[in-house]
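In what follows, a single structure is set out as structure tokens and then discussed.
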Amino acid sequence: MSGSPVKRQRMESALDQLKQFTTVVADTGDFNAIDEYKPQDATTNPSLILAAAQMPAYQELVEEAIAYGKKLGGPQEEQIKNAIDKLFVLFGAEILKKIPGRVSTEVDARLSFDKDAMVARARRLIELYKEAGVGKDRILIKLSSTWEGIQAGKELEEQHGIHCNMTLLFSFAQAVACAEAGVTLISPFVGRILDWHVANTDKKSYEPQEDPGVKSVTKIYNYYKKFGYKTIVMGASFRNTGEIKALAGCDFLTISPKLLGELLKDNSKLAPALSVKAAQTSDSEKIHLDEKAFRWLHNEDQMAVEKLSDGIRKFAADAIKLERMLTERMFSAENGK
């Protein structure tokens, strides 16, 4: 005989409870780590792909990407760029075999201040997915939430029907501009905001509800829901499960396999912390941002300015490491090294 409903409910993992009111997304390039947690979607970034590309399990994908880059030919730089785009798409396509929803694939962070280059690179990634038999409805293109990135997202959505995930989002200004651009989804960061406050203020620990990253996402969620924006809010970059639980009820949350594992083992009761109903009574006031107002408001937030800049540099550095790794694999033999 099965246990009583009350007992069964008590034994339900925090992860299963979370899935009842939030879409759970796996934040990893290691697609073999996804199965156990049964997420709806998955997100990748240059750092995660770099880590996965160094694992023995994924060397076939790396070899396939290298072969593709060589086959297209052209200058060495062009071959490497094509190999990297292909590698991102190969990982994305494999991840899609394991999830019912969408995968996020990131445009090179070094293009973060070049709208046209971001649009072109995004369209190229979608074309590569198409060649792999994957339709654009299953892809989210990740772009840095600079002014240029947000405008690239607007153009991709409106003119090309390409869905965008705006990443490296730390300020309320970035969130408002993304909502006004009508992008599909935003990824406001939580843990990196906490990191900044721990490093730059006297306060070194926070209860989850007081966590500055949690408060930032809560404010954005309430603003979006109060004013009827359709853009999905997906909290990202978590340092602990307390932050995740404090954002239960958010549209989506993207979570690393390590923290998904902790939530799976956790049987404590979980209730939604965010809701559309509560958002209606929040004290948000609607604002409109043109480029000048956006730049001013974003610049007023020291944490956001530093973390956006830092995030772009980190993703760019990992893109360069990936390039070096592929360059070595592609050209070292023929250079007689």
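Note that Cβ sites are derived from N, Cα and C of the backbone, with glycine treated the same way.
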State the residue range annotated as motif 'Nuclear localization signal' by Swiss-Prot; the candidates are 1-10, 71-80, 211-220, 261-270. 1-10
Test of record reading: of K115, K130, which one does Swiss-Prot tag as N6-acetyllysine? K115
Closest of S256, K286, K321 to K219 (N6-acetyllysine), Cα positions, modified residues only: K286
Among K115, K269, K321, the modified residues in question, whose Cβ has the most other Cβ atoms within 10 Å in this structure? K115
Provide the number of Cβ atoms within 10 Å of the Cβ of S256 (phosphoserine), excluding the reference atom itself. 18
Listing them in sequence order, which of the recorded positions K115, K142, K269, K286, K321 have their Cα within 10 Å of that of S256 (phosphoserine)? none
